[in-house]
């Protein structure tokens with residue numbers, strides 16, 4: 001029922017093109033303004049802000065498969081870590097230290113990991129799908145641990161020294177360049193994903209989420225479409241991993257962990273699935289909150305996250321963004 | 001030369017035997033803990049990631065009862081099982097009941113949330129250190145089986161697994177409650193319209209599942225040590241067992257536990273540097289070939 005209402009509600013918005021264009025431009029402006037505010041409010045904490053942006057790319061990529069295609073996955077850090085290791089190994093072992101090239105290598109690495117894990121995960125449904133995704137991330141983790149000649153094993157891969165961006169902006173000690181680089185990457189990715197999710201392909205993915213049998217009856221390939229989305233998602237997650245590798249100059253095994261996968265999924269649901277803004281809002285609020293509370297006591301942090309999760313599931317199943325949106329709509333309805 | 005090869009053969013036999021015993025003990029502990037999860041998942045279709053948390057709670061209560069209150073091992077087991085069920089009842093009533101029939105993502109998040117809460121609280125109350133449950137004299141030493149001696153607690157774990165499997169088989173196949181349970185698993189709506197009070201069936205099987213988890217947590221404390229991150233560390237293992245065996249199938253869960261126990265233990269003995277690589281590779285292979293689990297029924 002909810003889906004039918006959703007579609008009918010969004011139809012008028014799509015028929016008048018300038019409306020959504022204006023809305024997207026406003027959204028983009030809001031992102032840039034928030035990024036600038038972050039820069040001026042926390043000039044000594046830019047490393048944290050950069051890390052948030054890297055994880056935001058991971059959460060966006062989970063949103064692509066979970067929010068838009070309805071695939072429940074607890075193993076998406078495999079793609080993030082694959083991108084991070086791909087760009088890190090390219091820099092350390094093959095001398096590719098141009099940051100833009102490293103991002104491309106990371107995106108390709110993530111996309112390849114997306115093909116592999118998508119091919120495995122899409123074979124199952126429900127519980128089997130969840131277990132397959134968990135098994136995939138553990139498999140990647142153990143493989144990276146074993147291949148310590150390339151990945152540094154449990155010590156992590158260090159010695160990544162990226163060149164200046166465009167040969168001009170060197171990565172400084174305060175992380176200003178890294179932050180600017182990260183904001184640019186997130187904004188570009190956001191625009192690309194906005195176009196993809198609005199394209200016929202994005203609509204097809206939403207259709208598969210609602211009713212795969214009907215989509216198959218229409219003559220579209222369900223598995224092929226989902227695998228394509230998995231590859232796109234892998235490229236986005238790999239970009240996030242590469243950004244993380246470039247800004248921290250080290251890649252650890254924790255970037256391939258089940259914990260990171262689960263946390264990223266929690267961030268997505270906190271913000272709200274099925275919307276790119278929700279993914280960004282969820283990441284920023286979760287990680288800022290984590291930094292704030294875990295400085296006080298790491299164990300209370302777990303208790304609070306647990307309670308927060310239960311509260312979101314019970315009282316705000318559409319996440320912060322979805323709940324805020326419906327609140328605004330109700331307010332507007334009353335005003336009329 | 002013949003003597004040397006005979007020694008080698010003897011050594012191989014010894015290794016095979018000790019790997020076999022370890023695998024069997026580990027598999028049986030897995031079985032006792034995860035069989036409850038399998039039954040409730042088959043019955044209520046809830047992806048319950050917090051199941052390991054109940055095993056951990058059982059272990060903590062038993063440890064507290066033996067160490068601080070000086071209870072007997074047997075009494076401590078009883079206290080811990082009952083205590084865990086008492087803790088679980090309000091959790092089921094107020095949290096789980098809201099996610100029956102919800103999408104998987106919702107269930108995963110809710111139960112991960114419960115797990116995080118339990119870890120945080122356990123850490124706060126009992127501290128981050130490892131907790132032991134001292135074994136009674138009779139289970140402490142090795143037992144001589146004639147051809148070799150085996151740690152008594154491993155034999156005890158194996159015996160517990162066999163006993164739980166037999167008791168569950170009797171409960172489900174031979175009692176009237178078992179008939180109602182099987183009817184509810186097959187078709188809850190039809191069972192309800194025939195007069196089975198499915199809500200009570202759900203509540204009782206949830207309590208039994210939690211009690212078995214607590215029991216398994218205590219019996220397996222030597223193999224899966226009790227510490228705050230227990231619930232997170234083995235969460236995946238229990239879920240994997242259910243998925244490989246097929247949700248709701250007792251023989252499936254038993255088969256899965258023995259198989260996965262054997263793969264995991266053999267991997268640890270022979271190729272320790274690969275960690276759990278082969279374990280998860282096997283899981284992917286099995287789940288890809290049998291998406292419903294080894295003995296799960298197609299729906």
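Each residue, glycine too, has its Cβ placed from N, Cα and C.
TrEMBL lists A:21-42 (among others) with the feature transmembrane segment.
Marked as transmembrane segment by TrEMBL: A:48-71 (among others). Distant neighbours of the transmembrane segment (A:48-71): 38-39, 42, 77, 79-80, 110, 121-122, 129, 175, 178-179, 182-183, 185-186, 189-190, 193, 197, 202, 205-206, 208-209, 226, 229-230, 232-234, 236-237, 239-241, 243-244, 247-248, 260, 264-265, 267-268, 271, 273-276, 278-280, 282-284, 287-288, 291; these residues of the same chain sit at least 6 beyond its ends, with a Cβ under 8 Å from one of its Cβ atoms.
The feature transmembrane segment is assigned by TrEMBL to A:78-96 (among others). Away from its own ends, the transmembrane segment (A:78-96) comes close to residues 58, 61, 102-103, 105-110, 112-114, 117, 136-137, 139-141, 144, 150-151, 157, 159-162, 233-234, 237-242, 244-246, 250-251, 255-257, 260-261, 264 of its chain (Cβ-Cβ under 8 Å, at least six residues beyond either end).
Residues annotated as transmembrane segment in TrEMBL: A:102-122 (among others). Below 8 angstroms of C-beta separation, residues 61, 71, 73, 75, 78-80, 82-87, 90-91, 96, 129, 132-133, 136, 140, 162, 185, 223, 226-227, 230-239, 241-243, 245-246 of the same chain, each at least six residues beyond the ends of the transmembrane segment (A:102-122), sit close to that stretch.
According to TrEMBL, the transmembrane segment annotation covers A:127-144 (among others).
The transmembrane segment annotation in TrEMBL covers A:178-196 (among others).
Within the chain carrying the transmembrane segment (A:265-289), a Cβ under 8 angstroms from the stretch's Cβ atoms is held by residues 27, 31, 34, 48, 51-52, 55-56, 59-60, 62-63, 66-68, 73-74, 76, 190, 193-194, 197, 305, 308-309, 312-313, 318-323, all 6 or more beyond its ends. For A:265-289 (among others), the entry in TrEMBL reads transmembrane segment.
Sequence annotations record features per position, and here TrEMBL assigns transmembrane segment to A:301-321 (among others). Beyond the ends of the transmembrane segment (A:301-321), by six or more residues, the same chain brings 266, 268-273, 275, 277-278, 281-282, 285, 290, 293-294 to within a C-beta distance below 8 angstroms of the stretch.
Remote same-chain residues near the transmembrane segment (A:178-196) are listed as 24, 28, 31-32, 35, 39, 46-47, 49-50, 53-54, 56-57, 60, 64, 99, 103, 165, 169, 171, 202, 232, 236, 239, 243, 246-247, 276, 280 (criterion: CB distance under 8 Å, separation of at least six residues from the stretch ends).
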